[in-house]
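Peer 1: Taken from TrEMBL, the feature transmembrane segment covers 21-40, 63-84, 91-110, 116-142, 149-169, 181-202, 266-291, 303-325, 332-353, 359-378, 390-412, 424-448. Among the features that TrEMBL reports, domain 'Major facilitator superfamily (MFS) profile' is placed at 23-448. The region 'Disordered' annotation in TrEMBL covers 228-247, 452-543. Per TrEMBL, compositional bias 'Acidic residues' is recorded for 469-479. Summarising the annotation, TrEMBL assigns compositional bias 'Polar residues' to 487-496. Look at TrEMBL and you will find 504-514 tagged as compositional bias 'Basic and acidic residues'.
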Amino acid sequence: MGRRDPEEGQLPAPVKPPDGGWGWIVLFGCFVITGFSYAFPKAVSVYFKELMKDFHVGYSDTAWISSIMLAMLYGTGPICSIMVNQFGCRPVMLIGGLLASAGMILASFTTNIIELYLTAGVLTGLGMALNFQPSLIMLGAYFDKRRPLANGLAAAGSPVFLSALSPLGQVLMEKFGWRGGFLIMGGLLLNCCTCGAVMRPLDMGMKRKMEKTQDKYEAKEMLPIGGKSEEGISTTDGNKKAKKAKKKPKKGKKLLDFSIFSNRGFIIYTISKFILVLGLFVPPILLVNYAKDTGVPDTEAAFLLSIIGFIDIFARPACGMVAGLKWVRPHVSYLFSFAMLFNGMTDICSARASNYTGLVIFCVFFGISYGMVGALQFEVLMAIVGSQKFSSAIGLVLLIEAFAVLIGPPSAGRLVDALKNYEVIFYLAGSEVVLSALFLAMATYCCLNRGKKKEPPPEKNPSAGGGSDTEEAESDVQEAEERSSDNHQLAHSTDNAMVATSEEANHVAEEQSREGGGCPEGDGEVLARDACNTDQTVERDRF
């Protein structure tokens, strides 16, 4: 996907998403990748207490590990976009799986916190980024009508893995220590390579169909059908060349398309996501240590993340199904705003939870709202920019969100160290999420919906240059259909010409035998060709 044709230097014609078939295997791979990418930075927080004891650092220092992972996941978005557009999704994901595993394995041998930042933070974060973004691109390529449901199911990988990795991490730390736990986690990340191997590019099917059509065309062209029929073929080729000459020349795909910043919807989405990320990841990262500080045992504190994950498992697919309804899908951005508002109010209302029961109630509502946000965030982006520009759009959005990730959790950790009070952190995080929800809803209504009502529909100007990627994709599909139709018509006309030639030759031979002229054999062939000329001229006109 996104690779250039080595022979023509242009992108292959886009293929219609199958909405099933091998796409379900791709969906499962995306499910696993999403689970590791989002759950792993949160599950690592189980080891923070042991890391603080071994390296004699504060909580804000250990919180940087999760922040660096998330920052690499987001900040390397443009690099991932360039690599995917240049090499395709499958090779990039295989390399990413190896890097993610190597980072955790090397982290098990570190001797100070800086080395932990570079291995578990930078290297593992980069590996997960090279898996996460290409998997979303492939999911968008394989699904269209069922895309909201597919996004919801793939996003469910995050809570499933979070509910599994947190207790697993606690067990591994108790039996093998944090070093043994990191080593085993590194082995688990090798499964990302398997998921990358199943990401089969869609353009392979189109190439096979075009090769079959070309073979049929060449077989018909090699048949001995007479000089006039060859003229008919040359006339058809001339018409096809004339169509291509009139057509605007296709441009090679940009490695990173910055033209999406001219889309107002994309600007609004990016700003709201930046504000959202400032507070979205703070509660789950601080939750385990908050529970431990209130006197909750370590095992029960780690189980709180499992509760969020368990609720999240059902919330994401359910929200994806709702977003796929005909009357909801055109207004999916408002549903996304409601999900963010729900999440922010959950943080604010649960800020004073001081016992285990209160924390469990918080985890239930947070899991529902967090699942809704996770299921809708990339569906909204796909709806705004389209599948053709999604690879560039997601890279740029993740880069901008990386700054918010580097600001949010570390700042919250410093406030905890300074104030020794988690209540303020929950109020602050919830307010940021609510602000992002209000901004997205109001900006979408005022800047987009009202603008559509006032502005008349733009007239299509075929002579205008600089068409969008969607228009180029439509022209590519139209060209492929015209080529297939021309080849079919050429084969039909060629068969008619051959039948007409044999019938005319037999007719002339019968007339000569009746007249008793006994003309030479060569003359009979000339007469047969002359008789065929008129019929072939008619056949040529049909081209």
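The backbone N, Cα and C atoms fix where each Cβ goes, and this holds for glycine too.
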Peer 1: Taking pairs 6 or more apart in sequence, does the count of Cβ pairs under 8 Å between the transmembrane segment (21-40) and the transmembrane segment (149-169) hit 3 or more?
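Peer 2: Between the transmembrane segment (149-169) and the transmembrane segment (21-40), which are separate recorded stretches, there is contact, as judged by 3 or more close Cβ pairs.
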Peer 1: What else in the chain is close to the transmembrane segment (116-142), if you only count residues 6 or more beyond its ends and a Cβ gap under 8 Å?
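Peer 2: Cβ under 8 Å, 6 or more out: 1-2, 15, 17-19, 22-23, 26-27, 29-30, 33-34, 36-37, 40-41, 44, 51, 55, 64-65, 68-74, 76-77, 79-81, 83-84, 89-90, 92-93, 95-104, 106-107, 110, 150-151, 154, 182, 189, 192, 195-196, 199, 202, 378, 382, 387, 390-391, 394-395, 398.
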Peer 1: If you count every Cβ pair below 8 Å, which range out of 63-84, 91-110, 149-169, 390-412, 424-448 shares the most with the transmembrane segment (332-353)?
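Peer 2: The stretch with the most close Cβ contacts to the transmembrane segment (332-353) is 424-448.
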Peer 1: Return the stretch with the most CB pairs under 8 A relative to the transmembrane segment (359-378), choosing among 91-110, 149-169, 181-202, 266-291, 303-325.
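Peer 2: Counting Cβ pairs under 8 Å, the winner is 303-325.
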Peer 1: I'd like to know if the transmembrane segment (424-448) touches the transmembrane segment (63-84) in this structure, counting it as a touch only when three or more C-beta pairs sit under 8 Å and are separated by 6 or more positions.
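Peer 2: Contact between the transmembrane segment (63-84) and the transmembrane segment (424-448): absent.
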Peer 1: Please identify the stretch among 149-169, 181-202, 266-291, 303-325 with the greatest number of Cβ pairs below 8 Å relative to the transmembrane segment (390-412).
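Peer 2: Answer, by Cβ pair count: 266-291.
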Peer 1: What stretch of 149-169, 303-325, 424-448 shows the most Cβ pairs under 8 Å to the transmembrane segment (181-202)?
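Peer 2: Answer is 149-169, with the largest number of Cβ pairs below 8 Å.
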Peer 1: Taking all residues of the domain 'Major facilitator superfamily (MFS) profile' (23-448) together, what is their mean pLDDT?
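Peer 2: PLDDT averaged over the stretch: 82.
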Peer 1: Residues of the same chain, at least six outside the transmembrane segment (266-291), with any C-beta under 8 angstroms of its C-beta?
Peer 2: 41-42, 45-46, 48-49, 59, 63, 66, 70, 74, 166, 260, 300-302, 304-305, 308, 333, 340, 343-344, 347, 356, 359, 363, 366, 370, 373, 377, 380-381, 384-385, 393, 396-397, 400-401, 403-405, 407-409, 412-413, 416, 422, 425-426, 428-433, 435-437, 439-440, 443-444, 447-448
